[in-house]
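What Swiss-Prot lists as active site, proton donor is 37, and the listing cites sequence analysis. Residues annotated as ATP binding site in Swiss-Prot: 30-37, 147-150, 176, 184-187. Marked as beta-alanine binding site by Swiss-Prot on the basis of sequence analysis: 61. According to Swiss-Prot, the (R)-pantoate binding site annotation covers 61, 153, on the basis of sequence analysis.
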């Protein structure tokens, strides 16, 4: 495995791979790798000649009162995990390599960024889009891999790739969960034992909502109320949002139809957790297949 920390050298290596006709799969991360990240790496390994992993805690996507300074970091551990999973190139730049001076140009995400997490984290997705534009230009991948735990980020990246004509295939990968249903996250290390015992209630609430949809519930208000009541009954967390929206455009829904995202975010004392579930339903006005409107769960 090659470890790189300089942009110019990284670009030269990527050009060499391209001259050799090799396909490049890219997994951008902020490090502190877990099974969610390794599922992305493994998928990239299966589909590409070269797998590139970036580990960079991007300061642009953290707000002034967020956890940039204490975000978990352990590069040697990340290096070992990357090598074990067959990463070819590990790109680990410092902040002053990525941002040597104040930016004169940065991304502003016009759509899909002012709802869900974007409502309480203004500028977050602008920072995500800015660093991804830089990383895409550095790595020049054929495919980029993102986890569906952050479905809003995947939607934003989808728009970024399409609107700016990056010749990159976006590959969404299903959420990886603990045995009790909690979505894998680097921020789970912040949870106290009590909070950790309560956190699986997020996915349980989403599953209960999905079951209600499967039984025929189509009211977004009813689904939101059901999820909120379950979380309030089983945790001490403060609910940031419970939303039901279309995907990938993230338009809030009143009646469930088409591709539906049910998404939640909560705040425990030291950790903000997100989760979601995706449901496929007939679009409004579509004829069924004679078997009724059975929900199809595309991603978990």
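Each Cβ is built from the backbone N, Cα and C atoms, and glycine gets one as well.
The Cα of residue 176 (ATP binding site) lies closest to that of 37, out of the recorded positions 37, 61, 153. Of all Cβ atoms in the protein chains displayed, 26 besides its own lie within 10 Å of the Cβ of residue 37 (active site, proton donor). Here residue 61 (beta-alanine binding site) comes close to 124, 125, 127, 128, 131: these same-chain residues lie at least six apart in sequence, with C-beta atoms under 8 angstroms from its C-beta. Least crowded of the binding-site residues (153, 186), judged by neighbouring Cβ atoms within 10 Å of its own Cβ: 186.
For residue 36 (ATP binding site) paired with residue 153 ((R)-pantoate binding site), the C-alpha to C-alpha distance reads 15 Å. Every protein chain shown contributes to the tally, and the Cβ of residue 176 (ATP binding site) ends up with 19 other Cβ atoms within 10 Å. Across the structure, residue 153 ((R)-pantoate binding site) and residue 186 (ATP binding site) place their CA atoms 16 angstrom apart. Listed in sequence order, 55, 77, 78, 81, 82 are the same-chain residues at least 6 apart in sequence whose CB falls under 8 Å from the CB of residue 33 (ATP binding site). Distance noted between the C-alpha atoms of residue 37 (active site, proton donor) and residue 186 (ATP binding site) is 10 Å.
Contacts of residue 30 (ATP binding site) defined by a Cβ separation under 8 A and a same-chain sequence distance of 6+ are given as 55, 56, 57, 58, 71, 186, in order along the sequence. According to DSSP, residue 186 (ATP binding site) sits within a helical segment.
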